[in-house]
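According to TrEMBL, the region 'Disordered' annotation covers 19-48, 71-139. Annotation comment: TrEMBL describes 93-111 as compositional bias 'Acidic residues'. Annotated domain 'PPIase FKBP-type' per TrEMBL: 168-253, in sequence order. Here TrEMBL flags 355-388 as repeat 'TPR'. Per TrEMBL, the feature transmembrane segment maps to 442-462.
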Amino acid sequence: MSLKRRIPIKATHPSVCKVGVQGRKQSQSHRKSQLSDSPCLPGFLTGPGQHSVRLPSISYFKMTDKEEVKGAGDNTEMVLSGKKSGKASLLDSGEDFEMLDDDDIDDDPPPLEDAGGGKKTKTEVPAEDQDTGPSAPLDEWMDILGNGQLKKKVLQAGNGPDSRPTKGQNVVIHLKTSLADGTLIEEQPELSFTLGDGDVIQALDLTVQLMEMGEKALVQADAKYAYGALGSLAPEVPPSAELALEVQLLDATEAPDLELLSPQERIALAGQKRERGNVYYQRGDYAFAVNSYGFALQVTESSSKVDISPEEEEELMDVKMKCLNNMAAAQLKLDHYEAALRSCVSVLAHQPDNIKALFRKGKVLALQGEYAEAIKILKRALKLEPSNKTIHAELSKLVKKHSEQKGAEQAMYKKMLGNPASGSGGMQKHQAKSSWGVSWKWLFGATAVAIGGVALSVVIAARN
């Protein structure tokens, strides 16, 4: 079940924007969101200076049979490795907290709850506004993005442009997924998802919003808009594989009202959005991960007209804390330090002893140059988990950096003040030397006077 956009959603987390309801139209007064400098995402606000990306003008062109099967067989012999990154999450499963490889301690925060790490890759973000032009001609390819990497051809006409779905609606499609050579991967008679929430691959999110009710279309998608360079285990898609998608739009309905959902439905929906964010995080699509975690937070933070028990409220809060923790990890990957710090602070406000939030807060402070405060936070985390090797390594590294920083500051101060310690030492030596000089002068003078007096006495005595 997916969320409805008919009413405003209350969001208390400072890094999550409030989402308007009908058609998911966004208010210009809420431009500051957790994606401050990240790419524009479907159904989610970007930060200052960012703008929504409109779909480019659509062009139609004829393709020969050879062009239609271009790339066939390129990936048929590729085998998808099931080996994943070593950054596997173990904290929430009750296992040991040792989550990072030794080589990764300097760079990566602990991984997500129930999710692994992944290489950061450049993410192509889908367009924000829907095309409302005329129906596409039959048997002609529509170049959706103008780059030849995502094409759509109508096989069966629909009910007209007015029947196209809008973002935020729940849609149901019949989907056949095949490789470029025609090898069938899977068939889903009734695949349901929320349009624009990133619940499916980008190729579907972009093309279904251009389809009419009842329309059947063939979509050719580059790996960039499908499962990328990593491929997929479920469904089994080789790395960097182009896909042929046969899609038929069966239904489009308004999403249910969040306020009227039962607590268990809200928990399930928030968990579904969070798991989708974990998938994006594993694939290195961190901006899309933040987007999915944001939708999950909207579900957990929305008001409710349905009674909720203390146990259900605690379970909903647990989902929220996991979303915030995971969002902080993704924001760190995007170098959004202030947003990541706000996420960690929100977790610690409810769970002061949350190890991951403490660790990530320490990481953020260290990256901002606040070594003393970061060391203080990590010592607190280490006190809660004394056997944690990850925190030990990070703390040792920060103590060394802090010591080097203090040494550099002291050297700079000495240079600015002209090395006052050396100057005072030289002055003391000079004063000591001068005092000895004065003493010898007085001694020689007194001796001369005494000798002169004796000589004068002898001369006077001789004359008498």
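Placed from the backbone N, Cα and C atoms, the Cβ positions cover glycine too.
Sorting the repeat 'TPR' (355-388) by DSSP state (H, G, I as helix; E, B as strand; all else coil) yields 27 helix, 0 strand, 7 coil.
Taking DSSP states H, G and I as helix and E and B as strand, the domain 'PPIase FKBP-type' (168-253) has 13 helix, 40 strand, 33 coil.
Residues belonging to the domain 'PPIase FKBP-type' (168-253) score a mean pLDDT of 95 in the model.
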